[in-house]
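Please read the structure below before turning to the comments.
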Amino acid sequence: MAWLQATIDSDSAVAERLADALMDAGALSTAIEDAWAGTDKEQPIFGEPGEPVDQLWSQSRIITLFDESADVALLIAAAANACQLAMPAYSVERVEEQDWVRLTQSQFEPIRISDRLWITPTWHEAPAPNAVNLQLDPGLAFGTGSHPTTRLCLQWLDKQLQGNESVLDYGCGSGILAIAALKLGAASAVGIDIDQQAVRASQDNAEQNGVKADFFLPNANPAAQYDVVLANILANPLRMLGDLLASHVKTGGRIVLSGILAEQADELSAIYSQWFEMDPPVFDEGWTRLTGTRRAAV
């Protein structure tokens, strides 16, 4: 089986309306992207992840899939007419059926964190069988080890865990940091996330990796203190959660923060210096890891 894929040029102001009209006209799927995607003219949607900026791209490209037997020109004309638009410029190509699962899997290779720590998709043979291999597949929750912030936290765990620590992963996403901590020798690990889906994904991933960790929503987490607290989230929540995160760290314990852009490092370090002796920041691809040691409460 094959499909016809139409690429349609559109002004961004009407792209969503035209995409909806294409679906009404018989398209199987539509997607809207920057007309300059993949070029030096591409415009970012986000600055800090999760914070939209005012500027959005001005020219869009609508990628539309049709049945192989469809009269693409007629359907595009009908959609444009429904939107009271002139016939847009477009191109059509034939897309052959593929093994989409295999194609998707081929895009995710094992990730080396260090000589002894790897992240390996479940369908892939471990490249270093004697290393600590975290089995983790791309899914609905953030955290596969490919992002610099996750990598920075994993590198810290790999180098700094001595064994038998209690660990809290605040904003656990996929559970990757809690799972890694256990496989690297931590005695216990707890993960907290505001998303129930992330809590479920973390539980599934822990089972996949043969470790026992507890994952909770914030209001269900028992009050406790830990030897190590990790929070790989974003700068804004880290600004607001300082007192809470500090309360979970034992005196002499360690805090590890990421999800921080390089230009935000000084501000966040100053905030957390209220409770911690802060270490110099570590940078990776424009992102920052901050760490510190908990002082005794006054």
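Cβ coordinates are placed from backbone N, Cα and C, and glycine is handled just like the others.
For reference, Swiss-Prot has these:
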{"type": "BINDING", "residues": "T150, G171, D193, N232", "note": "S-adenosyl-L-methionine binding site"}
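Taking the features listed in Swiss-Prot, we show where each one sits on the structure.
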residue	record	Cβ neighbours (10 Å)
T150	S-adenosyl-L-methionine binding site	25
G171	S-adenosyl-L-methionine binding site	24
D193	S-adenosyl-L-methionine binding site	25
N232	S-adenosyl-L-methionine binding site	28
